[in-house]
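Under the heading region 'Disordered', Swiss-Prot lists 1-48. Marked as compositional bias 'Low complexity' by Swiss-Prot: 22-35. Marked as substrate binding site by Swiss-Prot on the basis of similarity to another entry: Trp115, Tyr141, Thr142, Tyr143, Asp194. Annotation source Swiss-Prot lists domain 'Fe2OG dioxygenase' at 172-278, citing sequence analysis. Summarising the annotation, Swiss-Prot assigns (4R)-5-oxoleucine to Leu177 and lists similarity to another entry as the type of evidence. Annotated (4R)-5-hydroxyleucine per Swiss-Prot: Leu177, in sequence order, evidence recorded as similarity to another entry. Marked as 2-oxoglutarate binding site by Swiss-Prot: Asn179, Phe180, Tyr181, Arg269, Val270, Asn271, Leu272, Thr273, Phe274, Arg275. If you look up Swiss-Prot, you'll see His191, Asp193, His257 marked as Fe cation binding site.
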Amino acid sequence: MGDKRQRARVQGAWATPTKSQSAARPATPARSRPSQTPGPSWRSKEQQQCDRRFVFKEPQLVVRAAPEPRVIDREGVYEISLSPTGVSRVCLYPGFVDLKEADWILERLCQDVPWKQRMGIREDITYPQPRLTAWYGELPYTYSRVTMEPNPHWLPVLWTLKSRIEENTGHTFNSLLCNFYRDEKDSVDWHSDDEPSLGSCPVIASLSFGATRTFEMRKKPPPEENGDYTYVERVKIPLDHGTLLIMEGATQADWQHRVPKEYHSRERRVNLTFRTVYPDPRGAPGDTSAELPLR
């Protein structure tokens, strides 16, 4: 009897549940089961990923501005640059010749100097230079493929001016290039007085008479600029009646200068540029200039 009950219990364990048992524990459909909700820390990570935005930005270009020109209009000695070539220096002396004497000298120069309009050569093209010139010196002088023949016949007024400049500056000169700017249309283009016959670091004394014209300078660009003068240093110097300007040191090696055309009417102007020419450039001395005040 006991064995029958035990077998019935074992068989009942594998039997299909009764209706009452099925109703007591209804099966839960899979779709109605609650889903797992992420915790606060994981939700914040998802939010950070959703907030990320990748915005493309155009590459920014480096803007280079050309420097403002430096204006020199007062008496003094100015070091305008320092390079491996040396110090570039200009000395400005307004009123070196007083107005009354300067008026008389201007008249003498306009009348007595043998002015001539010479032909220049640029890129194998010949053109009339936009100014009149004259040369004084024992030796010829060649610049911009134009040769000035020797002319030892100095006018007394020119010799007197040369001696006065030498006495007051301590420099000596043996030659003179004269330029006559007839009006605002006459000019001289960018150049350096760096001909081999002038030696290294030549000293140029420029004495002006007549209408005021602006003397402009620009520094020669470094090799990496490939000859582009856009961003170089610049200097402007107004040269008045009777003003003396000295350029010395490495100025001709490191800088260019010009007298540009003017947009407004200008009267006549004569510029005398004293210099030293050597028969053999190999024997020319180097830079011996110093900051010599006007005596």
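Every residue number used here counts from 1 along the chain in the order it is shown.
For all residues, glycine too, the Cβ spot is worked out from N, Cα and C.
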Report task. Rounded to the nearest Å, what's the C-alpha distance separating Phe274 (2-oxoglutarate binding site) and Leu177 ((4R)-5-oxoleucine)? Just drop the number here, would you? Result -> 7
Report summary line: CB contacts under 8 angstroms to Asp193 (Fe cation binding site), restricted to the same chain and 6+ apart in sequence, sorted by sequence, are Tyr143, Pro202, Ile204, Met247, Gln252, Thr273, Arg275
Requested in this report: Cα within 10 Å of Tyr141 (substrate binding site) is the criterion; apply it to the recorded positions Leu177, Asn179, Tyr181, His191, Leu272 and give the hits in sequence order.
Outcome: Leu177
Requested in this report: Report, in whole Å, the straight Cα-to-Cα distance of Leu177 ((4R)-5-oxoleucine) from Val270 (2-oxoglutarate binding site).
Outcome: 11
Query raised in the report: Looking only at the domain 'Fe2OG dioxygenase' (172-278), what are its DSSP counts of helix, strand and coil residues?
Result: 10 helix, 49 strand, 48 coil
Query raised in the report: Where Asn179 (2-oxoglutarate binding site) and His257 (Fe cation binding site) are concerned, what is their Cα separation in Å, rounded?
Result: 14
Query raised in the report: Hey, for the Fe cation site built from His191, Asp193, His257, who else sits with CB inside 8 A of the CB center?
Result: Val188, Trp190, Ser192, Asp194, Gln252, Gln256, Arg258
Query raised in the report: What does DSSP call Trp115 (substrate binding site) in the simple three-state scheme?
Result: coil
Report summary line: Keeping only the binding-site residues of Trp115, Thr142, His191, Asp194, His257, Leu272 whose C-alpha lies within 10 A of that of the residue listed as '(4R)-5-oxoleucine' yields Leu272
